[in-house]
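Structure, as structure tokens:
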Amino acid sequence: MSKKLRLGAFLPGAGQHVAAWRHPDAASSSVFDFEHYKRLAQTAERGLFDAYFLADGLSVNFGGDDAGRRDRSTGFEPVTLFSALSTVTKNIGFIATASTTYEDPYLLARKFASLDHLSAGRSGWNVVTSTDDATARNFGRAQQAVATDRYDRAEEFVDTVTELWDSWEDDAFIRDKASGQFFDPAKLHPPHHKGKHFSVDGALNVSRPPQGYPVIVQAGQSEPGLELAARTAEVVFTAQQSLEDAQAFYRELKSRLPKFGRSADQLKIMPGVSVYVAATEREAQAKLQQLNDLIHPQAGLALLAGLSGGTDLSQYPLDGPFPELPKTVGWVSRQQMMVDIARKHSFSIRQLYQWIATARGHWTIVGTPVQVADQLQLWFENEAADGFNVLPPVLPGSLDDFVDLVIPELQRRGLFRTAYEGKTLRENLGLARPENQHLLVRQDARAA
């Protein structure tokens, strides 16, 4: 098989399951231990993953009955951590999350260009707009802006950042000691950007990234999120629960590309999947049950609140029917997914958080290596996915299981690489390196 699936690894702290940190084998005390993340990165690289991905938030939600039960309250800033991890790895990429609502284009462009240089072309930027009011309050705002406003800002933000990355042509720096010329002024292009949200009038003080641009990633599934992804993203992470839903999302997003002058192979769609794998199906089911038995009800309610725009569900009976929810301006797609699951299965609140806790809303597979590979292959070969963002339930153990049990089965079927194809994240993902936009303008002028 010539076409290979792509794999990202989402490796937060103790793992993806909401009760992961309570598991006896979880690295619960290693949230700020560099050696823990070094081990994860090197294990993922041993498994030939394309990238190590980290989400990020800009607030800590305390208060209510769930105070003190949230395991993801703190963590490293991703670009800082990935800069360090780039020195102890050679091939795996690093996709860091950063918000277009609370970051500044110049500072973000500089930060990610620096990571791309430090990693020799292995960086990616997961573009998010931020969704919760707690974050807004940390930045002097009473509440989060509506989605259309956030995505309007995000679109200009991405354009501004790419302009900054193109401040210098690839060969602008001559560094000729004999003549004394350090760079060619004709190959310097300060942006002079003045838009609705941003004004930038100077060149980036970092040379053009090795990849041209770090790989641009996006995860929004709302209407404005889909438009932003179709226009700018090269990888999209998505949460889908069934083959049919994944196929519909895949077709919808790919169909939007032509109006932006893009082809289907310029965008990789990678649904999230949490895998519970063992030598037998019974053992795999036992792994899932062990974690579900560790879910504290207040932690389960907090999980649902986070996915529903902060709705307090503690006022309803845990074993009663799932209630109607007020609309959120934040995680619109996640809230709708949660409601759809509850309605489809007639879940109570308790049943819903037990279902979602396995992967926080992502697809879950439980089984043997052959059963897991069967499901991944089915999605990959039927236009539901170009690859997957793997979400190990417990770390480090579940990542070890995937690398040692699932990867060899995927390789045996010819679905996954046996060696890295290139040196940069773009090369391994099969994405072209973007030309400097100023060079393209010059080439077009010559052609005319």
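For all residues, glycine too, the Cβ spot is worked out from N, Cα and C.
The shown structure was predicted, so the numbers you read here are calculated from the model rather than taken from an experiment.
Now, the feature entries from TrEMBL:
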- 18-378: domain 'Luciferase-like' (DOMAIN)
- ASP56, THR97, TYR151, SER222: FMN binding site (BINDING)
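Overlay of TrEMBL annotations on the structure.
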{"residue": "ASP56", "record": "FMN binding site", "Cβ neighbours (10 Å)": "17"}
{"residue": "THR97", "record": "FMN binding site", "Cβ neighbours (10 Å)": "20"}
{"residue": "TYR151", "record": "FMN binding site", "Cβ neighbours (10 Å)": "22"}
{"residue": "SER222", "record": "FMN binding site", "Cβ neighbours (10 Å)": "18"}
In this predicted model, the domain 'Luciferase-like' (18-378) has a mean pLDDT of 92
What DSSP gives for THR97 (FMN binding site), in three states, is strand
Taking every pair from ASP56, THR97, TYR151, SER222 (the record's FMN binders), the biggest C-alpha distance in Å rounds to 19
